[in-house]
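Undergrad: Have a look at the structure that comes next, please.
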Amino acid sequence: MPLPPRSLQVLLLLLLLLLLLPGMWAEAGLPRAGGGSQPPFRTFSASDWGLTHLVVHEQTGEVYVGAVNRIYKLSGNLTLLRAHVTGPVEDNEKCYPPPSVQSCPHGLGSTDNVNKLLLLDYAANRLLACGSASQGICQFLRLDDLFKLGEPHHRKEHYLSSVQEAGSMAGVLIAGPPGQGQAKLFVGTPIDGKSEYFPTLSSRRLMANEEDADMFGFVYQDEFVSSQLKIPSDTLSKFPAFDIYYVYSFRSEQFVYYLTLQLDTQLTSPDAAGEHFFTSKIVRLCVDDPKFYSYVEFPIGCEQAGVEYRLVQDAYLSRPGRALAHQLGLAEDEDVLFTVFAQGQKNRVKPPKESALCLFTLRAIKEKIKERIQSCYRGEGKLSLPWLLNKELGCINSPLQIDDDFCGQDFNQPLGGTVTIEGTPLFVDKDDGLTAVAAYDYRGRTVVFAGTRSGRIRKILVDLSNPGGRPALAYESVVAQEGSPILRDLVLSPNHQYLYAMTEKQVTRVPVESCVQYTSCELCLGSRDPHCGWCVLHSICSRRDACERADEPQRFAADLLQCVQLTVQPRNVSVTMSQVPLVLQAWNVPDLSAGVNCSFEDFTESESVLEDGRIHCRSPSAREVAPITRGQGDQRVVKLYLKSKETGKKFASVDFVFYNCSVHQSCLSCVNGSFPCHWCKYRHVCTHNVADCAFLEGRVNVSEDCPQILPSTQIYVPVGVVKPITLAARNLPQPQSGQRGYECLFHIPGSPARVTALRFNSSSLQCQNSSYSYEGNDVSDLPVNLSVVWNGNFVIDNPQNIQAHLYKCPALRESCGLCLKADPRFECGWCVAERRCSLRHHCAADTPASWMHARHGSSRCTDPKILKLSPETGPRQGGTRLTITGENLGLRFEDVRLGVRVGKVLCSPVESEYISAEQIVCEIGDASSVRAHDALVEVCVRDCSPHYRALSPKRFTFVTPTFYRVSPSRGPLSGGTWIGIEGSHLNAGSDVAVSVGGRPCSFSWRNSREIRCLTPPGQSPGSAPIIININRAQLTNPEVKYNYTEDPTILRIDPEWSINSGGTLLTVTGTNLATVREPRIRAKYGGIERENGCLVYNDTTMVCRAPSVANPVRSPPELGERPDELGFVMDNVRSLLVLNSTSFLYYPDPVLEPLSPTGLLELKPSSPLILKGRNLLPPAPGNSRLNYTVLIGSTPCTLTVSETQLLCEAPNLTGQHKVTVRAGGFEFSPGTLQVYSDSLLTLPAIVGIGGGGGLLLLVIVAVLIAYKRKSRDADRTLKRLQLQMDNLESRVALECKEAFAELQTDIHELTNDLDGAGIPFLDYRTYAMRVLFPGIEDHPVLKEMEVQANVEKSLTLFGQLLTKKHFLLTFIRTLEAQRSFSMRDRGNVASLIMTALQGEMEYATGVLKQLLSDLIEKNLESKNHPKLLLRRTESVAEKMLTNWFTFLLYKFLKECAGEPLFMLYCAIKQQMEKGPIDAITGEARYSLSEDKLIRQQIDYKTLTLNCVNPENENAPEVPVKGLDCDTVTQAKEKLLDAAYKGVPYSQRPKAADMDLEWRQGRMARIILQDEDVTTKIDNDWKRLNTLAHYQVTDGSSVALVPKQTSAYNISNSSTFTKSLSRYESMLRTASSPDSLRSRTPMITPDLESGTKLWHLVKNHDHLDQREGDRGSKMVSEIYLTRLLATKGTLQKFVDDLFETIFSTAHRGSALPLAIKYMFDFLDEQADKHQIHDADVRHTWKSNCLPLRFWVNVIKNPQFVFDIHKNSITDACLSVVAQTFMDSCSTSEHKLGKDSPSNKLLYAKDIPNYKSWVERYYADIAKMPAISDQDMSAYLAEQSRLHLSQFNSMSALHEIYSYITKYKDEILAALEKDEQARRQRLRSKLEQVVDTMALSS
């Protein structure tokens, strides 16, 4: 049947609801702990975007949420109504203005837009949402639907701040006066150092029209003042990290307040790399102060129990409740401020968990501020705003009257408070960390809600009058979102029913109260929740307004004392009673006239009657009670309720008891209970009704009347003996007719006995004659439980549990002594004749002496026996406690007191350790005088007659213990080392004590050869004597000492990480590690502690396996986590148990996927196995990686590891094999591998292959025969080549060895010469000029300048301008902005400025730092890689940096680095000159440069020439080594070097000015020249003359004489002059002028005459030469081995230089301050710009010092020394310089066969040099920072030393030439700059320009 339309609609609606319901609660939070069945909280979740801000509309209750890239509108119950997208946007933080306004040179990327400010503008019905994108622009959204009304973004006022931190900005929206419409926005924001772009605090206009051009314009702005406050750039340059973070803002009366966090500039050091301190400030402004004259800020915080809380987290402005207002002495409409502070002043981003909730009154804050303003206007103190420039300005006295409403003047502002405004601490949370706060007044009581880091809301009641002295009580804690911190915007709903709490991903609606969870009045009112009271008749905990008729008396309880109290009479009834009348009395109940019922829980209910204020009702019937009490023992407690007929609710209860007497089975338990029970002793029952007892005398009500057995003497019964047992009793009943008599029950295990008993009277009873027995002889006496019954099963009470003791005499008493020492109450004695223990009547004794009993005082046993001695050896000195075990060793101590001897030595028994008959312990006396070394032990019982004397079966030996060794012989000072002391007889005696260094060594065990003990802590390092006391013997050995060493320390663990399963190898570096034999590493994590052993290699190194931290509770996250504790168990060294210094991390174990779903993977042979997974490479710092082993079966495979997979080259296996992966302690099997062998071929295939193979074989044989013939020829060639290669290798090695030895000798001679003459350092002035102005010998700054007086005055004024930092910076920046300002100009200006400021080095350093800071900023803003910074000289700053180091490192060069540099230069020069050098090409036999290597064999001989001393012809001739292939000029150079050894180059003759004269006798003298008529010419090639050409012989005498002018020279001089310029242009390279000169060939070819000059090799550019000399050149690359030989020869000198440069302290010189200072500056800049890439920092330092200074000096030693550098030396130094640069680089050098030879040459050395550089940079970083005072003093000293080196007037004149050239641009720049205008810099410069113009 079809459904009607209406039904169909209803059905569809129901279905829709069913579908929606699950979704409505899908993302709900958790109910509170301890809660009842309350439904979960409503939530809104944002999975994609982090939430940041939340506001609630005060009329509609709608919720607006700001997030990353989104704005959401939610209903009051958190249903999503609208979402508005704000991002991501294409942006770059460096783009100012944003890309939407102006194209940006920086790369754009997808950028999140973080909502930082969310405010409701009720008057304009819009939402103001400000984000982080596009420099912090804001959007206006319509409240109804989030429609975007406007987004002002085109003016600078629209950009609030680009900082991305969400919780750092705060604003207050001030509505305009009614009718005028214009509102104001006060906004505070951090600026991230961009003070030129953003004010930190400002007041903006909010226009009615969102597109209005004046939107966000400053409320007031003129030329000097505006509604804004900026952080000065000087503050930021001193404290780059300085910023102000705005936590909370509010309006109170006519003021706007901000709570801020800012860097504490007084506690934070400007150069501190890490430690930043913060302080909280409260900032106040007048609402109507557009000029911000009213700005005041005060430190704010609170203190509790001596702990300071200074980091503000959140605040909330509220009104106090009536009670709190009264306690504070305030009116109820005054404002109070609740704040949350974290402890201390560190870690703004992650503050400590310990936090405090504090209370401030606005009245007190205003009063403090007023007092401060008044004191300042009285002229007291300073402005004291630490972060403003005018903080040191004094206050100005003024007669103004300062009242509460004062809003400031244009002086005495802005003002800072010096005293902290302290709040009242209300509540301290030490565990969870408070993060947010909100508060409100509920019915006159103040309730505070505090959010925590763990996602909870704490509800706190504030009551300053608490009797316990606690001003606040946290009465409840509920979870909003577990584990996620509550963010700042904690907001109440308009009706105060709910609290909206926000975490990063969720908004939760938390009810302000959850009274319904409390189920009783006591719980409800005991919770102290001020919202909750007890609604009496409804029996529910609720708000007052939720309780019906709550205002009527006693219907609503608001206090614990008002809870309903109920009593009942009687309080109990027997289960057998029915309908007992009960009277109930109730207190604190309302009017019950509507009627009540009595309800016994849910069992029964009865009507009640109200009479005289009492309630009367009846108990249930016995039939109804029976099921209630069944199985409940003797009582059942039930709740008796009063149930209101009005509400149907049970509203009061009292405990009521039903008791049951009949369960008691004994008289005593019956009458001793809590209830009125009676015992019927004749019926043996317990009843509540006394009438149930038939006999009156049988009724018992008290325990004294109960029948019971009384304690009498103990009952001892020998087994097998018939005897009666009499018992004492009380109130024994006389059995009545028909009742049976008494019996005794003995509960003997295995054979219980029932014996008839006779009742004598009511107090006496006898168990009749009977014998008793028990099985076995292993028990000598057996206590047996005894019961007395009558009438079959009526048990008489035995309250004392009286027992009978059965005993057997022979059991366990085989000897006389054991028999007689038995308890005398056992009638056992020793039957002498039968030699057994028995009862007397069982012994056939004919005399009394035949049976002995202990009661006979003189009894003693015969035949004592010694069975065992312990110990069996002891020292002669005595004192050994000898334990003698045996039989019949006396019965009393007196029997043996004097009867024990060891041989002749008395042994004194110790009474306390004597065991009758069985054991004697005695102390042996001194046996020193006894010669015998062993003796028998004798025991005499009373006397030594034969029957009473015992001798030991073994002899006791007297020994002399000794020791001769201790192992280990050393250990830590803290002790705890197990040592073994070796010797002989060390187990002697009964007691041993060892002391080491006078302190006891804790004994463990010993044997005859060793004692083990644990060393005590030592007093100090060094040897400690060992003393062993064995009883009275004291053993010493002066040769054996134990050495205490300093405790081991741990310096480093490498790597500083492991995985969850541990097991990875850790190299531990420290000191004194070998002092501990078995060190162990320990780790504690998640409550579980584990240890692993370590292997010690030496005192500084050991290797440990990391302990596993695997546990079920906790595992490390992917980014790693520190263990709770990590340390080392090293004997007793406590300091290493927990290492605080290490940052050791544990990463999760690798996770590998199974090989396949089934676990079995099939694989072909030789196919790689790929194992996929994650966490395979932990993201640990450093180069260490996790080492994997993959086993196929038991065979390992070759592995390649990446982040997500292991690639395993499977071994050559077939079949099934288990795959196992191991890494450290981690082991996992991803499955089994099935490897198939290649499939077998079919028969036809085999036949086919066989036929084809045979044919192929014939072909192969033919080919092989042909190949064999060819290969025989090739073999011969190969062997010949191999022989040549071997010879070549041997030759290179030998050549290198010989050359080095020879060079060392030469250098040694040179060093000796230097010791006398000294290194020819240039003076400071020349050195500086060569670096600053290379190639200019006679620079104007070296000369005095003659000028007119007015010019001098102008230049002086210009000099003063240059010392104004702002002018100089503007000057430099303006020049650099000009296109015509060339690179050369930049270098020139930098050098001129440094010379002009030579006497102002501190100022110059400040300017340089600012320029470098700008350069870094510019570099980072451009697309250049940060590593390119300082790489090239493209700015004034870079050249200034070179000059700065030039000035400051001169002393270091002279004292330290100069010597190895000069030695390297000399070594290169000497080594080069040992072999031929081509005078034309500059190529040499020995070279480091491939380009300057002669690549063919040159035959030459070494000659020794005896040179006549040019200064004194009569002095001895100087022997000089030369080569016969040297040109005449080369020979002259060598002769001059020898003759003028030690003379600076500039002070000796030049080769061109001297002639070489060969003297062959007294008169025969020949002038030798490079070219003369004898010069050989061949096919247009003219060869220079050499010594061989002139046939100069070894030992020839030569002289250097002043140049003679000859006809030949005259004729050729013009040719030389003309050819010079052209040839120079061919060979010059870009270098310093001196090096240009040095690269000019020594002889210039005559190009005009058509002939070409050559010396050793013809120029490679000529083809005829290339073909013709092929034979002599062979393969030219073979000669590259000479590079290697030369490099090996010079290696030591290169190493020495590099080591000196890269050492922080060398040759007595400390590291120059300039280096440390500049490196620290670069680190600060990197920190400022958040550059954490170590490579970038390294590169900056390398570009700054090695590249800019050292490379220049290495390539150009003539800058430092007075020397001449020739072409080949220059080429070699360039190779060294390149190696130096490569060593400073961080990039990997990938080398191949095509790499340049100079790179290959030092390829193996560079990694080592790189490690030196890294260590050098690290050592510098570790050095303490240089204080500003020390640096200032150092720079002042440098200025003083070199004050007059340059003419400053000349330098100023040179600089002024640039002013002339760019006058207009510089003046315009000064006019544009605000600070320049303030300092009137333009007018001052114009004055200089005018004066200079007049003079010209």
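Just so you know, glycine gets a Cβ as well, placed from its N, Cα and C.
Fair warning: this is a prediction, and the values are worked out from it, not measured in the lab.
Copying in the features that Swiss-Prot gives for the protein in this structure:
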- Cys95-Cys104: disulfide bond (DISULFID)
- Cys130-Cys138: disulfide bond (DISULFID)
- Cys286-Cys407: disulfide bond (DISULFID)
- Cys302-Cys358: disulfide bond (DISULFID)
- Cys376-Cys395: disulfide bond (DISULFID)
- Cys515-Cys532: disulfide bond (DISULFID)
- Cys521-Cys563: disulfide bond (DISULFID)
- Cys524-Cys541: disulfide bond (DISULFID)
- Cys535-Cys547: disulfide bond (DISULFID)
- Cys598-Cys617: disulfide bond (DISULFID)
- 27-512: domain 'Sema' (DOMAIN)
- 864-959: domain 'IPT/TIG 1' (DOMAIN)
- 961-1045: domain 'IPT/TIG 2' (DOMAIN)
- 1048-1147: domain 'IPT/TIG 3' (DOMAIN)
- 1150-1236: domain 'IPT/TIG 4' (DOMAIN)
- 27-1244: topological domain 'Extracellular' (TOPO_DOM)
- 1266-1896: topological domain 'Cytoplasmic' (TOPO_DOM)
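For each listed feature, how buried is it and what is near it?
TA: Of all Cβ atoms in the protein chains displayed, 23 besides its own lie within 10 Å of the Cβ of Cys95 (disulfide bond).
Taking a C-beta cut-off of under 8 Å and a sequence gap of six or more, Cys138 (disulfide bond) has these contacts in its own chain: Leu117, Leu128, Ala129, Cys130, Gly131, Glu151, Pro152, His158, Leu160, Phe216.
Secondary structure at Cys286 (disulfide bond), taken from DSSP and collapsed to helix, strand or coil, is strand.
Secondary structure from DSSP puts Cys358 (disulfide bond) in a beta strand. Counting every protein chain shown, 26 other Cβ atoms lie within 10 Å of the Cβ of Cys358 (disulfide bond).
Every protein chain shown contributes to the tally, and the Cβ of Cys376 (disulfide bond) ends up with 25 other Cβ atoms within 10 Å.
If you take the C-beta of Cys515 (disulfide bond) and look for same-chain residues 6 or more apart in sequence within under 8 angstroms, you find Cys524, Asp529, His531, Cys532, Gly533, Cys541, Ser542, Arg543.
Sequence-distant contacts of Cys563 (disulfide bond), defined by Cβ-Cβ distance under 8 angstroms and a gap of at least six in the same chain, are Cys521, Glu522, Leu525, Trp534, Ala557, Asn588.
Classification of Cys524 (disulfide bond) by DSSP places it within a helix. In this view, Cys524 (disulfide bond) is surrounded by 24 other Cβ atoms within 10 Å of its Cβ, with every protein chain counted.
The Cβ of Cys535 (disulfide bond) lies under 8 Å from the Cβ of Cys541, Ser542, Ala546, Cys547, Glu548, Ala550, Arg555, Phe556, each of which sits 6+ residues away along the same chain.
In the three-state DSSP scheme, Cys617 (disulfide bond) is classed as strand. Within 10 Å of the C-beta of Cys617 (disulfide bond) there are 21 other C-beta atoms, taking all protein chains into account.
Residue counts of the domain 'IPT/TIG 1' (864-959) by helix, strand and coil are 9 helix, 53 strand, 34 coil (DSSP-based).
In the predicted model, the domain 'IPT/TIG 3' (1048-1147) shows an average pLDDT of 90.
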Undergrad: On a C-alpha basis, identify the one among Cys302, Cys376, Cys395, Cys407 that is nearest to Cys104 (disulfide bond); the candidates are the disulfide-bonded residues.
TA: Cys407
Undergrad: So what sits near Cys395 (disulfide bond) in its own chain, CB-to-CB under 8 Å and at least six residues off in sequence?
TA: Ser375, Cys376, Tyr377, Arg378, Gly379, Glu380, Gly381, Lys382, Leu383, Asn412
Undergrad: Have a look at the disulfide-bonded residues Cys95, Cys286, Cys302, Cys358 and say which one has the shortest Cα distance to Cys598 (disulfide bond).
TA: Cys358
Undergrad: Tell me the coarse DSSP state (helix, strand, coil) of Cys547 (disulfide bond).
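TA: Coil, per DSSP.
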Undergrad: With the cut-off set at 10 Å between Cβ atoms, which of these disulfide-bonded residues ends up with the most neighbours? Options: Cys104, Cys130, Cys407, Cys532, Cys541.
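TA: Within the set of disulfide-bonded residues, the most crowded position is Cys541.
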Undergrad: Across all chains shown, how many C-beta atoms besides its own are within 10 angstroms of the C-beta of Cys598 (disulfide bond)?
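TA: The Cβ of Cys598 (disulfide bond) has 23 Cβ neighbours within 10 Å.
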Undergrad: Kindly assign Cys95 (disulfide bond) to one of the three DSSP-derived states: helix, strand or coil.
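TA: SS state of Cys95 (disulfide bond) = coil.
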Undergrad: To which of the disulfide-bonded residues Cys286, Cys302, Cys521 does the lowest count of other Cβ atoms within 10 Å belong?
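TA: Across Cys286, Cys302, Cys521, these disulfide-bonded residues, the one with fewest Cβ atoms within 10 Å is Cys286.
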Undergrad: What count of other C-beta atoms do you get within 10 angstroms of the C-beta of Cys547 (disulfide bond), across all chains shown?
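TA: Other Cβ atoms found within 10 Å: 20.
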Undergrad: Round to the nearest Å and give the CA-to-CA distance linking Cys95 (disulfide bond) with Cys358 (disulfide bond).
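TA: Cys95 (disulfide bond) and Cys358 (disulfide bond) have their Cα atoms 42 Å apart.
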Undergrad: If I take the alpha carbons of Cys302 (disulfide bond) and Cys407 (disulfide bond), what is the distance between them in whole Å?
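TA: Spelling it out, the Cα of Cys302 (disulfide bond) and the Cα of Cys407 (disulfide bond) are 27 Å apart.
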Undergrad: Please identify, among the disulfide-bonded residues Cys286, Cys407, Cys617, the one with the smallest Cα-Cα distance to Cys358 (disulfide bond).
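TA: Nearest in space to Cys358 (disulfide bond), counting only the disulfide-bonded residues, is Cys286.
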Undergrad: Can you tell me whether DSSP puts Cys395 (disulfide bond) in helix, strand or coil?
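TA: SS state of Cys395 (disulfide bond) = coil.
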Undergrad: Fill in the CA-CA distance, Cys286 (disulfide bond) to Cys617 (disulfide bond), as an integer in Å.
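TA: Each residue's Cα considered, Cys286 (disulfide bond) and Cys617 (disulfide bond) end up 74 Å apart.
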Undergrad: About how far apart, in whole Å, are the alpha carbons (Cα) of Cys617 (disulfide bond) and Cys407 (disulfide bond)?
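TA: The Cα atom of Cys617 (disulfide bond) is 77 Å away from the Cα atom of Cys407 (disulfide bond).
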